[in-house]
Amino acid sequence: MFPLFLLDHHMTARELGFWNGVIAMGFSIGGSSLGGLLLTRFSIGAIMRRVFVLRTISMVFQSSLLTVLEPSTLLKGLAVLSLSVQHFLGGLITTLTFTTMMHCSQRADEGIQATHYSFLATLEVLGKLTFSAVAGGVVDWFGFQVAFLLFLTLSAGTALHVWTATFTGALREHQLKDQPK
């Protein structure tokens, strides 16, 4: 929804297409790559806790930009920075999420591991699509500022859940197993 806010606040479609399309996608790929690299050195839980907290902080920054009503070069620069950081962290989260799904699927019976993973991947995509379909209506109904406050609250709740969940269940086992003795 943030790109639509920028489109409504004097960023041209061409600028937005370049920054949110080309540049931000490069940051997303970079985040995914870094996620893979970090997983070779640190536990999933430790990385997830930090990344989700960073994502929440980044959402606070992005949401604060909604209060600036006067378009300026500085606002455009901060908006591009915000888009880039969000895509970078989103790439990191995607790698961590799919790695977690693989770990969970490895715990299933051997005969259904592929089906289990496919089901989890389907749920992940359905979650994104459902939220994307609803987000526009929420913004139309409440406006950008209130909607983003709601989105920020949901993100903070997710970060809190991830923080506590990484100390229990399958992620905890991998965390303990991966730690040096």
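Cβ coordinates are placed from backbone N, Cα and C, and glycine is handled just like the others.
Annotated in TrEMBL:
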TRANSMEM  16-39  transmembrane segment
TRANSMEM  51-69  transmembrane segment
TRANSMEM  75-98  transmembrane segment
TRANSMEM  119-142  transmembrane segment
TRANSMEM  148-171  transmembrane segment
Range from 51-69, 75-98, 148-171 with the greatest count of C-beta pairs under 8 A to the transmembrane segment (16-39): 75-98
Tertiary contacts of the transmembrane segment (148-171) (same chain, 6+ residues out, Cβ under 8 Å): 1-2, 43-46, 48-49, 52-53, 55-56, 59-60, 62-63, 66, 100, 103-104, 107, 135, 138, 142
